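Visitor: The annotation transmembrane segment is assigned in TrEMBL to A:20-38, A:45-66, A:112-138, A:144-164, A:171-192, A:204-223, A:244-270, A:322-346, A:358-387, A:407-429, A:441-461, A:473-494 (among others). The domain 'DUF112' annotation in TrEMBL covers A:25-441.
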Amino acid sequence: MWLDFSAIDGALSLLGSSWTAWAVVPLGLMIGLVFGAIPGMQTSMAMAIFLPATLYMDFLSAMLFLTSIFTGGGFGGGISSILLGIPGTSTAVATTFDGWPMTQKGQHNEALGAALFSSCAGMLFSYILLFLTIGFLASFVLNFGPLEMLMVALWGVTLIGILGGASFSKGLLAGLFGLLLGTIGTSPIGITRGTMGIPDLLDGIPVVPAMLGLFAVSELIGLTQRDYIVGAEGARKLSFRRIIAGFGMAMRYPVILLQGSVMGALIGAIPGVGSSVSNLASYAEARRRDENPGSFGQGNPKGVVAAESANSSSEGGSMVTLLALGLPGGGGTAVMLAAFAAHNITGGPKFIRDQTDIVYAIILGNLAQAFFLMFLGLFTIHFISALVKVPIRYLTAAVLVMSVTGAYALTGSMLGPYVLVAFGALGWIMRRFDYSIPAMVVGLLMGSLCDTNLVYVYQISGGDWHYLFERPLALALAVLLLICVAVVPALRWLKETRRQAGASNAG
Amino acid sequence: MKRVLRNPGNLLVVLGCAAATIAYVLDAQARSRSIENLAFIVPLAVAVLALCLLVLFTQQEPAENAKTKGAEKPRGGAANAALPYYCFGAFVAYVLSIPHLGFDVANMIFVALFVWLQSRRQPLRALLFGLVFGLGAAWVFQTILPYRLPMTLL
């Protein structure tokens with residue numbers, strides 16, 4: 001049976017008896033909307049900054065708080081895409097293609113309404129899909145042993161590295177170096193390594209301060225060269241009635257909504273790809289199938305619907321790999337995995353088996369978030385569109401202070417702020433030279449897990465590598481990993497060669 | 001070789017990564033040469049070092065460091081190009097001063113200085129914001145956390 005009704009009943013009881021779980025949702029959505037709407041501020045950064053606050057919540061509330069930031073950020077990015085022609089986040093790039101032309105035509109209210117409705121619909125779809133399939137996924141991944149988990153983790157880090165950035169080799173280097181850093185501390189057999197004599201590092205590098213440094217500090221320091229985040233674009237006049245009319249506009253394209261949602265959920269489940277790619281893929285597909293593709297880019301609402309439904313449904317897709325495998329697919333889910341660890345919970349198959357009711361509660365809570373987002377988004381667009389004009393210097397100073405204090409709160413000592421500074425510097429350098437930060441973060445999270453699983457494999461197999469052939473799934477994952485490593489750079493090389501050939505022909 | 005030297009900044013990054021990797025592996029094998037201790041990190045280190053070489057010999061021209069994504073263009077001038085370095089310096093000084101000044105005073109000074117550094121005007125406004133936000137943030141965290149933060153005034 002795919003659906004575990006007793007666990008669903010337990011989930012409903014959990015959600016019904018915990019008011020804090022619901023109280024944090026509007027707050028998280030608001031934070032996500034604000035950070036998503038301000039170009040330069042990323043949703044994963046917001047999640048990392050507010051992660052310390054979740055230590056004082058129960059696990060369910062913490063997860064709902066973080067997922068609500070994730071959800072709010074998904075739509076927040078679309079607000080600045082539409083009103084200012086600037087994607088608030090990388091997940092809202094395709095929203096700009098038609099959202100901004102709609103604004104130039106005076107249809108920004110309708111565009112915002114269509115984007116909000118599509119976001120909510122996409123999110124609902126992906127979480128319903130997750131709700132229906134998580135039972136099956138759980139029974140499937142429960143067959144995973146340490147070798148399969150090792151392969152999945154390596155595959156995930158590799159994919160994030162090679163697909164997430166502009167350079168295959170730099171992305172992969174960031175991921176693998178992150179894995180190496182993740183093994184610092186006490187090894188699975190009790191040997192301390194790489195601690196440089198610092199006793200506080202015996203438990204390894206504190207991941208959350210490192211993550212805050214990589215995601216937040218490095219980005220914020222880079223923003224200091226800008227006076228205002230956005231130019232002197234005047235606030236557009238917003239109309240509640242016309243935004244509602246935008247809902248109707250989105251409802252006129254159910255096929256595009258469904259297509260975007262399906263593509264988003266599937267692409268979102270692939271580590272390293274996620275919503276940054278799904279919104280572009282869905283937009284391209286909607287344009288390709290349309291009778292009048294030339295109207296795309298000229299303010300066609302179908303473009304907004306395709307992009308927003310896909311980027312929101314990617315959230316549910318990325319939760320599949322997080323919940324089922326304990327593997328984060330990108331920055332946002334990496335922060336969630338860190339929250340798992342902060343609450344002494346190990347994500348993955350055992351988590352689904354042992355705490356099925358909490359898994360269903362997270363899914364059901366997220367379904368409810370879609371409706372919360374619809375109302376909150378509708379009533380706060382005025383405020384958020386005004387906020388993007390706050391001078392950046394005030395925001396960066398405030399967020400840096402919160403990050404440092406949060407890092408101290410997490411470790412209870414100055415180790416947190418020191419790690420934050422060190423990884424902030426590292427992240428700044430990585431951004432400057434185009435290395436993938438999400439790949440390093442995921443590597444850092446997965447390092448210890450990979451090391452432990454490899455030791456288990458060694459002990460189970462007695463050091464005989466033929467053991468790999470006794471595990472067909474692990475073998476398939478290993479082959480997949482090698483194909484990814486071989487095929488992706490080959491395809492990129494081919495593309496680059498063609499581009500150069502085209503350029504020289506044109507010249 | 002020309003390709004390697006074309007981007008000295010990236011060369012330093014790669015060399016730093018390689019040096020850290022080698023130092024870590026040497027430290028690990030000095031602690032224990034058992035297979036369980038080295039089985040993961042040695043092959044990983046080899047892969048990292050191989051990638052370091054690959055990055056060096058396949059790198060493109062220094063990338064444009066302007067991931068503005070449509071945001072307003074950076075303010076011009078050489079002095080402004082150095083601004084992130086000043087700001088990061090101020091940030092490091094802020095973190096190092098916390099054990100001595102406490103979160104409250106360090107926050108106030110850092111916020112005021114950081115805001116002023118980025119605009120070089122309206123020092124009074126920067127000071128006021130530093131006072132209100134710096135002190136406010138310290139007070140809020142002190143109220144929430146179950147243990148005492150280093151403080152001077154609060």
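Our numbering is plain: 1 for the first residue shown, then up by one each step along the chain.
Just so it is clear, glycine is given a Cβ too, placed from its N, Cα and C backbone atoms.
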Visitor: Can at least 3 Cβ pairs under 8 A be found between the transmembrane segment (A:204-223) and the transmembrane segment (A:171-192), with each pair 6 or more apart in sequence?
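Guide: They are in contact.
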Visitor: Spell out yes or no: are there three or more C-beta pairs under 8 angstroms between the transmembrane segment (A:441-461) and the transmembrane segment (A:112-138), with each pair 6 or more apart in sequence?
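Guide: Touching, no - the transmembrane segment (A:441-461) and the transmembrane segment (A:112-138) miss the threshold of 3 or more Cβ pairs under 8 Å.
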Visitor: Within the same chain, where does the transmembrane segment (A:144-164) have neighbours whose Cβ lies under 8 angstroms from its own Cβ atoms, ignoring anything closer than 6 residues to its ends? I mean 6 or more beyond.
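Guide: For the transmembrane segment (A:144-164), the far contacts come to 171-176, 178-179, 270-273, 277, 321, 325-330, 348-349, 436, 438-439, 442-443, 446, 449-450, 452-454, 456-457, 460, 467-468, 471, 473-474, 477-478, 480-481, 484-485, 488-489.
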Visitor: Taking the domain 'DUF112' (A:25-441) alone, what is its mean pLDDT?
Guide: 85
Visitor: Hey, does the transmembrane segment (A:112-138) touch the transmembrane segment (A:244-270), meaning at least 3 C-beta pairs closer than 8 angstroms, sequence gap 6 or more?
Guide: yes
Visitor: Pairs of Cβ atoms less than 8 Å apart decide it: which stretch in A:171-192, A:322-346, A:473-494 has the most with the transmembrane segment (A:45-66)?
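Guide: Looking only at A:171-192, A:322-346, A:473-494, the most contacts with the transmembrane segment (A:45-66) come from A:322-346.
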Visitor: Do any residues, 6 or more residues outside the transmembrane segment (A:473-494), come within under 8 Å Cβ-to-Cβ of it, and if so which ones?
Guide: 143-145, 147-148, 150-152, 154-155, 158-159, 162-163, 168-169, 172
